[in-house]
């Protein structure tokens, strides 16, 4: 009994420390309700919410599109709208970004806000607000974000260095650590894969047919029943299966912002190596267990990690610009 009490107290202490770390991030220049009174009587956040809701009604995967867009945006030069720019050699043209979706949602929101109050609301703020509203529509917690970001006049494909889907837990935490995010933040943020998807090409070599560089080898750390399902039905070992969709969570949960992703890791059913490696590594396994065994904890902490990510290296004040349209500089 005493041992159990000590374990419970230790877990509670670790959660408390993690929450304090989550709360510590952010830019002092951002504000709650930054646009209040600045858009000719329009409630900017209500406009964003309404448009995201209408897109969600037609295309529920918009949750995954916008979450992925925020990740790909904010980890490269900060949350600055660089990913939205069209043209040769821009971030959008980098190989990892070719499959990013959701640009039309951001453009629709921007067009409506420009109609109501030209030159006021930044594209980078629209991205963060839209993601927040999508998370809530997917069953996640509603949360507030600070706004006041401005758009950067830079977008280069050569800047795009995203974490590899084959990363170990240590490599993943080092990558996000360079952005000022903790190990706990990192495990929370990968929980976005609760609504994500990838393609067979991402796992055929690394997990199904050439594990460890050995032809024909399947990752022994993958649940054998799931390995059989992928190899037989989803990702057979033929080139024509490369673009088949693989959900990063079970399909019935693929549009729900919930903690089922972590429970799959406990069952050795993580799809990408970087996901399953969070459970294979003792330094992050305890966090996975904590989030897998307490749905409410993930629901409450996931938004805080998204907020912290959204405030990485932002431009504020007179820096950058407020674009007239999001896919080109003024």
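Each residue, glycine too, has its Cβ placed from N, Cα and C.
Keep in mind that TrEMBL annotations are predicted by a computer and have not been checked by a curator.
Within 10 Å of the C-beta of residue 72 (active site, proton acceptor) we count 20 further C-beta atoms, all protein chains included. The active site, proton acceptor annotation in TrEMBL covers 72.
Its Cβ taken as reference, residue 78 (Ca(2+) 1 binding site) is surrounded by 21 other Cβ atoms within 10 Å in the chains shown. Residues or ranges marked as Ca(2+) 1 binding site in TrEMBL: 78, 80, 91.
Residues or ranges marked as heme b binding site by TrEMBL: 193. The Cβ neighbour count for residue 193 (heme b binding site), using a 10 Å radius over every protein chain in view, is 25.
Sequence-distant contacts of residue 117 (disulfide bond), defined by Cβ-Cβ distance under 8 angstroms and a gap of at least six in the same chain, are 38, 39, 40, 42, 44. Per TrEMBL, the feature disulfide bond maps to 39-117 (among others).
Marked as disulfide bond by TrEMBL: 74-79 (among others). Long-range Cβ proximity for residue 74 (disulfide bond), meaning a same-chain Cβ under 8 A and a gap of 6 or more residues, is found for 179, 309, 310, 312.
As annotated by TrEMBL, disulfide bond applies to 123-326 (among others). Taking a C-beta cut-off of under 8 Å and a sequence gap of six or more, residue 123 (disulfide bond) has these contacts in its own chain: 81, 84, 106, 110, 151, 323, 326.
Taken from TrEMBL, the feature disulfide bond applies to 200-235 (among others).
Here TrEMBL flags 29-330 as domain 'Plant heme peroxidase family profile'.
The signal peptide feature in TrEMBL is assigned to 1-28.
Sequence annotations record features per position, and here TrEMBL assigns site 'Transition state stabilizer' to 68. Under 8 Å, Cβ to Cβ, and six or more positions away along its own chain, residue 68 (site 'Transition state stabilizer') finds 100, 101, 102, 192, 196.
The Ca(2+) 1 site, placed at the center of the C-beta atoms of 78, 80, 91, has further neighbours from the same chain whose C-beta lies within 8 angstroms: 73, 74, 76, 77, 79, 81, 82, 83, 124, 152, 154, 155, 159, 313. For the disulfide-bonded residues shown (39, 79, 200, 235, 326), fewest C-beta neighbours within 10 angstroms: 39. Note: the Cα of residue 235 (disulfide bond) and the Cα of residue 72 (active site, proton acceptor) are spaced 26 Å from each other. For the pair formed by residue 91 (Ca(2+) 1 binding site) and residue 72 (active site, proton acceptor), distance between Cα atoms is given as 9 Å, rounded to the nearest Å. The Cα atom of residue 78 (Ca(2+) 1 binding site) lies nearest to that of 72, taking the recorded positions 72, 193, 200 as the candidates. Look at the binding-site residues 80, 91 and count other Cβ atoms within 10 Å of each Cβ; 91 has the fewest.
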